[in-house]
Amino acid sequence: MSHPSRQSEPPSHRAAGAGRFAPSPSGDLHLGNLRTAVLAWLFARSTGRRFLMRVEDLDRVREGARDRQLADLAELGLDWDGDVVSQSHRLSRYDAAIAELHAAGLTYECFCTRREIQKAASAPHAPQGAYPGTCRNLTPDERADRLAGGRPPALRLRAGVTSFTIDDVLHGSYSGMVDDLVLRRGDGTPAYNLAVVVDDAAQGIDQVVRGDDLLSSAPRQAYLAGLLGLTAPTYAHVALALNEDGKRLAKRDGAVTLTDQKALGRTPSDVLGVLATSLGLAEPGEVVDLGILLDRFDPARLHREPWVVRLPTPPQSP
Ligand code: GLU
């Protein structure tokens, strides 16, 4: 790769840690996802970290999406260290972490349906969005009763706190809710919050850069890391891309993927230029590459507002 990445510094100048991008292969990446990936790369490389790629394929997998996502990231010029890791190949690690929590008495089975949780959580005084603890203290008879119902239970964390504070490079000190989060779903799948904590630690990731839709999940993840004896990473939750109505950018908004953009005649370099402009790292129309952006990148001067994406109006269907 031709850009003067700080990767080429001697090892003694490199931070030991790593950053990462961890897409879910549920579809193609859109401009907002690509922008977050570029930021994660810039944060990692500008601090001498390795940059790792992890495919979060425990659910919502769409055929071919993984390869298209990786190809799009590579076309923008992103590089990553080592092999791409897939969560579906790491189930034994999640099992081991759950077993550790279980052995410490920090888990319980939950038989609630989604609807029951919503109902209980909407009761007056229930903390917003928190699991209300319905199954936390079931008696042996109640548990046997529910097991007889035949619905396989989810496994939840018996959390010892209701809130936790993390430090975020962009948001400062941030306190958020911690509840008895799901560790393993009723269908046996390890939950995202568990998998992300286990993987970040196991991969030596000490810098998490991702969309700020996940800011409110960071306190529970950092708390869970502590319970597992792991060090939580530093966080930078970056603003999302929005459509012109101020809603989170989505595929239905039009030509939002790299493939869509190429079909409109834009090259990957043009798209990188648009992303860089949105970050205040390039002038409109300027030709840049990641090496140039790396030289210009300064987290302290990062544009923190959401990026409102203006797309050409899609042709009206007849
Ligand atoms: N896989 C998650 C997503 O694509 C990101 C998880 C994370 O960065 O912690 O939204």
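Using the three backbone atoms N, Cα and C, a Cβ is placed for every residue, glycine included.
No curator has checked TrEMBL annotations; they are predicted automatically.
The L-glutamate binding site feature in TrEMBL is assigned to Arg20, Phe21, Ala22, Pro23, Ser24, Glu56, Tyr192, Arg210. Residues within less than 8 Å, Cβ to Cβ, of Arg210 (L-glutamate binding site) and separated from it by at least 6 positions along the same chain comprise Ala22, Thr36, Ala40, His237, Val238.
Under DSSP, Cys135 (Zn(2+) binding site) is assigned to coil, being neither helix nor strand in the three-state scheme. Among the features that TrEMBL reports, Zn(2+) binding site is placed at Cys110, Cys112, Tyr131, Cys135.
Here TrEMBL flags Lys251 as ATP binding site. Long-range neighbours of Lys251 (ATP binding site) (same chain, six or more residues apart, CB within less than 8 Å of its CB): Gly27, Asp28, His30, Thr257.
Residues or ranges marked as compositional bias 'Polar residues' in TrEMBL: 1-10.
For 20-261, the entry in TrEMBL reads domain 'Glutamyl/glutaminyl-tRNA synthetase class Ib catalytic'.
Look at TrEMBL and you will find 23-33 tagged as motif ''HIGH' region'. Listed by sequence, the residues of this chain that lie at least six past the ends of the motif ''HIGH' region' (23-33) yet keep a Cβ under 8 A from its Cβ atoms are 55-57, 59-62, 65-66, 68-69, 72-73, 211, 240-241, 248-251, 256-259, 261, 271, 274-275, 307, 309.
Residues 27-28, 30-32, 213, 240-242, 309 of the same chain, all 6+ positions outside the motif ''KMSKS' region' (248-252), place their C-beta atoms under 8 angstroms from a C-beta of that stretch. Taken from TrEMBL, the feature motif ''KMSKS' region' covers 248-252.
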Candidate binding-site residues Cys110, Cys112, Tyr131, Cys135, pick with smallest Cα gap to Phe21 (L-glutamate binding site): Tyr131
Between Tyr131 (Zn(2+) binding site) and Tyr192 (L-glutamate binding site), the C-alpha gap once rounded to whole angstrom: 16
Mean of the pLDDT scores, which run from 0 to 100, over the motif ''HIGH' region' (23-33): 97
Pairwise CA distance, Arg20 (L-glutamate binding site) versus Cys110 (Zn(2+) binding site), rounded so that it is a whole Å: 32
Inter-residue C-alpha distance, Cys110 (Zn(2+) binding site) and Pro23 (L-glutamate binding site) (nearest angstrom): 28
Pairwise CA distance, Pro23 (L-glutamate binding site) versus Cys112 (Zn(2+) binding site), rounded so that it is a whole Å: 29
In sequence order, those binding-site residues of Ser24, Glu56, Cys110, Tyr131, Cys135, Arg210 whose CB lies under 6 Å from ligand 1: Ser24, Glu56, Arg210
